[in-house]
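K.L.:
Before anything else, here's the structure in question.
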Amino acid sequence: MQLEMQSQEAVAVAERRECNHNEKRGNWSSKREFILSCIGYAVGLGNIWRFPYLCYRSGGGAFLVPYLLMLFFCGIPLFFMEIIMGQFSSIGCIGVFRMAPLFKGAGYAIVVINIICTIYYSVIIAYPLMFLKHIIFQAKLPWDSCDNSWNTDHCIDVHQVMHHNFTEREDLRTPADEFFHFEILRISQGIEEVGDIVWPLFWSLAMAWALVYVCIINGIKTVGKVVYFTATFPYLILFVLFVRGVTLPGAAKGIIFYIKPEWLRLLDLKVWADAAVQIFFSLGPGWGGIVNMASYNSFRNNAKGDAILIPIVNCSTSIFAGFVVFSVLGYLSEQTGIPVATVATSGPGLAFVIYPQAIAMLPLSRIWATLFFLMLFLLGLDTVVRSAMAWPYSQYYLLIVLM
């Protein structure tokens, strides 16, 4: 009886401590804010420009076998571990590693990595802002033709590429390619040429920094409210682009190219390694963001349910994004006569060159381009905001970056 009373008193003391600590540090206003924040953190540009190409290159539908196995045997357990680390300690990624003095430096290393990645990722989300500026303030899409001041003699309409042999094609560039490299980036001829500051890109970057700062200025109080838009609206845009994509001529060819299984690729160890890398890259364990967001949870939150739901939503988004991307690539192949295997690529080339070129060929292209680049910006913004929250004193984010 006495032991039971002591146990109840210990629980009561722990609850009072938890309550006092949470009042000082803050909590999510609702469970939805935590789930949406984690989804916004996990679902990023890699889901759009990396996974679809990786899936096609690694055996199409067959790639889903190692991908899903890595999800359930590696991704979800790691996600669960980081949630409970943050939730049960109620401290960020630096403090949580003090439970084992040997690993105390890991927390500081995570913060340094987040600072570096946040700075370069902010540059990436400045690119969609540049595209949106040109879309809004110009009469037509600037990458629709070769009639612009930045175009070179190598620029050629995408419909005419097939009329040239392979040797000539290596020297030719599409309008979207030249627009991205010569107008957005204004890239120099080589590393030996320093070049000048690209002021339009500089101001877009400054705007991106300012928006991130506004999102985190009051910690989870503002992040928890902003996330209702930044984490959900990209899904609406993705669905609209999916409906438009699958109704295009040639979409079926692109989708079949994306999901057609090559079972023999499962014998290649690189395919399994790529699946593991994609899971780790997409879910973001080890980066501190999950621990930090979970630290604002209630002590009795259902961590297991969250650790299952969020990774599944993230991976489902990647698979769904593949249909959005390859339906449009199939349309581009149908219109130009270029094989899907040739137009398919990954990384910034897909998001800022290939897909915009396909959009330019659609009716009402300005609308689709606006939606696409707004989606890219919101996906990137969510990732930067969650990474910046891993910084100590994240309210000084803008000052630190400017220094």
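From the backbone N, Cα and C atoms, a Cβ is placed for every residue, glycine too.
According to TrEMBL, the protein carries these features:
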BINDING   GLY40, ALA42, VAL43, ASN47, SER282, ASN314, LEU379, ASP382  Na(+) binding site
DISULFID  CYS146-CYS155  disulfide bond
TRANSMEM  34-52  transmembrane segment
TRANSMEM  64-85  transmembrane segment
TRANSMEM  106-127  transmembrane segment
TRANSMEM  197-220  transmembrane segment
TRANSMEM  232-259  transmembrane segment
TRANSMEM  271-296  transmembrane segment
TRANSMEM  308-332  transmembrane segment
TRANSMEM  338-355  transmembrane segment
TRANSMEM  367-389  transmembrane segment
K.L.:
Count the other Cβ atoms sitting within 10 Å of the Cβ of ASN314 (Na(+) binding site), across every protein chain shown.
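P.N.:
Neighbour count, Cβ to Cβ under the 10 Å cut-off: 23.
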K.L.:
I'd like to know if the transmembrane segment (271-296) touches the transmembrane segment (34-52) in this structure, counting it as a touch only when three or more C-beta pairs sit under 8 Å and are separated by 6 or more positions.
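P.N.:
Counting Cβ pairs under 8 Å (6 or more apart in sequence), the transmembrane segment (34-52) reaches the transmembrane segment (271-296), since there are 3 or more.
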K.L.:
Take the Cβ of CYS146 (disulfide bond) and count every other Cβ within 10 Å, whichever protein chain it belongs to.
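P.N.:
Cβ-Cβ neighbours of CYS146 (disulfide bond) within 10 Å number 18.
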K.L.:
Any idea what the Cα distance is from ASP382 (Na(+) binding site) over to CYS155 (disulfide bond), rounded to a whole Å?
P.N.:
35
K.L.:
Take the C-alpha atoms of LEU379 (Na(+) binding site) and CYS146 (disulfide bond) and report the distance between them in angstrom, rounded.
P.N.:
30
K.L.:
Could you tell me what the rest of the chain brings near the transmembrane segment (271-296), counting residues at least six beyond its ends with Cβ under 8 Å?
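P.N.:
Tertiary neighbours of the transmembrane segment (271-296) are 25-28, 34, 37-38, 41-44, 46-47, 50-51, 54, 58-59, 63, 66-67, 69-71, 74-75, 78-79, 81-87, 89-93, 96, 107, 110-111, 113-114, 117, 220, 265, 303, 311, 314-315, 318, 386-387, 389-390.
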K.L.:
Can you list the residues of the same chain, besides GLY40, ALA42, VAL43, ASN47, SER282, ASN314, LEU379, ASP382, whose Cβ falls within 8 Å of the Na(+) site's Cβ centroid?
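P.N.:
Near the Na(+) site, beyond GLY40, ALA42, VAL43, ASN47, SER282, ASN314, LEU379, ASP382, sit ILE39, TYR41, GLY44, GLY46, THR317, THR383.
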K.L.:
Which one is it, among the binding-site residues GLY40, ALA42, ASN47, SER282, ASN314, that lies nearest to CYS155 (disulfide bond) by Cα separation?
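P.N.:
Closest candidate to CYS155 (disulfide bond), judged by Cα separation, is ASN47.
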K.L.:
Name the residue among the binding-site residues ASN47, SER282 whose Cβ has the smallest number of other Cβ atoms within 10 Å.
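P.N.:
SER282, out of the binding-site residues ASN47, SER282, has the fewest neighbouring Cβ atoms within 10 Å.
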K.L.:
What are the sequence-distant neighbours of GLY40 (Na(+) binding site), meaning same chain, six or more residues apart, C-beta distance under 8 angstroms?
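P.N.:
Non-local contacts for GLY40 (Na(+) binding site): VAL227, THR230, ALA231, ASP382, THR383, VAL385, ARG386.
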K.L.:
I want to verify one value. Collapsing DSSP to three states, which class is CYS155 (disulfide bond)?
P.N.:
strand
K.L.:
Using a 10 Å cut-off, grab the number of neighbouring Cβ atoms around the Cβ of LEU379 (Na(+) binding site), all chains included.
P.N.:
26
K.L.:
At a 10 Å cut-off from the C-beta of ASP382 (Na(+) binding site), count the other C-beta atoms across all protein chains.
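P.N.:
Cβ-Cβ neighbours of ASP382 (Na(+) binding site) within 10 Å number 27.
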